[in-house]
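**Student:** The feature transmembrane segment is assigned by TrEMBL to 41-62, 74-96, 117-136, 170-195, 201-219, 282-304, 339-359, 392-415, 421-440, 452-476, 488-507.
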Amino acid sequence: MASEKVIPSDVVESGHAPLDSGHARLRELGYKQELKRDLSVISNFAFSFSIISVLTGVTTLYNTGLKYGGPVSLVYGWFIASAFTMIVALPMAEICSSYPTSGGLYYWSAKLAGPRWAPFASWITGWFNIVGQWAVTTSVDFSLAQLIQVIILLSTGGKNGGGYEASKYVVIALHGGILLVHGIINSLPISLLSFLGQMAAIWNVLGVFVLTIVIPSVATERASAKFVFTYFNTDNGEGISSRPYIFLLGLLMSQYTLTGFDASAHMTEETKDADRNGPKGIISAVGISIFVGWFYILGITFAVTDILSLLSEDNDAGGYAIAEVFYQAFKKRYGNGSGGIVCLVIVGVAIFFCGMSSVTSNSRMAYAFSRDGAMPLSSLWHQVNKQEVPIYAVWLSVSVSFCMALTSLGSIVAFQAMVSIATIGLYIAYAFPIFFRVTLARKHFVPGPFNLGRYGVIVGWVAVLWVLTISILFSLPVSYPITAEKLNYTPVAVACLLIFVVSYWIISGRRWFKGPITNI
């Protein structure tokens, strides 16, 4: 009689396949599997890569790069921001390998800060992370609404041809519609989201190569290599003449673009062999984005010949620099700018995918944070439906992001302060667990399959110092003389978030929040 193979009861979950290494590690950390583990390393990478989305970040903030330094800031600033972003990503990948949970950053902080500091470390990291993610979704989907506005403007004749200029109410309505579609998509099974995530990654890569080749080829006037690699624009119209200061302000475009790669960590509970594939997703998303982004910046900048006209609000695109580049390239060559509008649609689809993946990441963070009781109505947000999707967390993320965008109706300055948290707030959340890794956990940190070995502490300290540097840098004034209309409200927004988080902790959280709670 053939012997029957017996699978131990602790390696099988109801409705799930036998444990892989990441699943086993999740159980060791005290969590049962509640989300379907269907994602491959490619799918995990795709979510982070599509959130980074160089077509989104570079396109929407290209004006900033042109204004503050021009080609030199764009080309060389990208390398500087990229190098330090990778230095931040490496220790994050190392920690992810050790703790592959959807909680990501806030769970890491709790484990690394030690029993005494775990609740507060987890609390402050988690709130900065989730608010930063909501701000990312807000900024991405609002930028898509603005791009749609520009596409409509150019399609109806442009600003100088009597084109339709949408009001701020139309833009916010577009923003709401985009969020609604993203909420519906994210309510579908993870297998479909995985497919769309991979499509997003392919679209971003192909889109960059198409635009980088087509735009300079179509343009009747092209910049010289000397202009692209050596020209430094000091004519910013903001009263700033110091070249080092201008260059540093120009880094914002690059740093904003290279944000959101923590999505790979938040998707680990749905990724096969997450202790290996989660870190791979983080590193590969950042690395490929660096290469693809620089290629895109170079291609577009070779089509730039008159910076002042591109930044002027009186041009056909209303001052949207890349839209004006695309539109004029085709208009001067063929007599109309229809081809340029098609190119903008390519960018728009990439931004749409970026927002979709951002909602996915948001919802997984909200699911994990509420699973540990850190959010109001936590019992609601961590529920999953029959498709094993945290459905209420999805719609919470959509709703909060829409409310954040409503500030644009009162003041675009207030809105910009709100979304500035997308860069500074999120990077601060990245820095917390790395800081605890190189200080309180320096001697007892147990690395996973992916680790930096003896270089882990050194790389970690450099990462923390870089986040501190950009937090100060992007809080500096961007215009002189300083007025209420042109004040950089970034430090105000971040300070308000800090005050809210700490006050909430002192008044209420410290009495009941004990850090991550196991569910086994």
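Just so it is clear, glycine is given a Cβ too, placed from its N, Cα and C backbone atoms.
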**Student:** Taking the transmembrane segment (117-136) as the reference, which of 170-195, 201-219, 421-440, 452-476 gives the largest number of Cβ pairs under 8 angstroms?
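**Tutor:** Of the candidates 170-195, 201-219, 421-440, 452-476, 421-440 scores highest.
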**Student:** Which of 41-62, 170-195, 339-359, 421-440 has the most Cβ pairs closer than 8 Å to the transmembrane segment (201-219)?
**Tutor:** 339-359
**Student:** Six or more residues beyond either end and a Cβ under 8 Å away: which residues meet both conditions relative to the transmembrane segment (452-476)?
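**Tutor:** Distal contacts: 84, 87-88, 90-91, 94, 245, 248-249, 251-252, 255, 420, 423-424, 427-428, 430-431, 434-435, 437-438, 442, 445, 488, 490-491, 494.
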**Student:** Which residues of the chain, 6 or more past the ends of the transmembrane segment (41-62), have a CB below 8 A from one of its CBs?
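**Tutor:** Counting only partners 6 or more residues beyond its ends, the transmembrane segment (41-62) has Cβ contacts under 8 Å with 74, 136, 140, 143, 146-147, 194, 197-198, 200-201, 204, 207-208, 211, 252-253, 256-264, 267-268, 271-274, 276-278, 280-282, 284-286, 288-289, 292-293, 296-297, 300, 321-322, 346-347, 350-351, 353-354, 356-358, 360-361.
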**Student:** Are the transmembrane segment (170-195) and the transmembrane segment (339-359) close, by which I mean at least 3 Cβ pairs under 8 Å that are 6+ residues apart in sequence?
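**Tutor:** Contact confirmed: at least 3 Cβ pairs fall under 8 Å.
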**Student:** With the transmembrane segment (282-304) as the reference, find which of 74-96, 339-359, 488-507 contributes the most Cβ pairs under 8 Å.
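**Tutor:** The stretch with the most contacts is 74-96.
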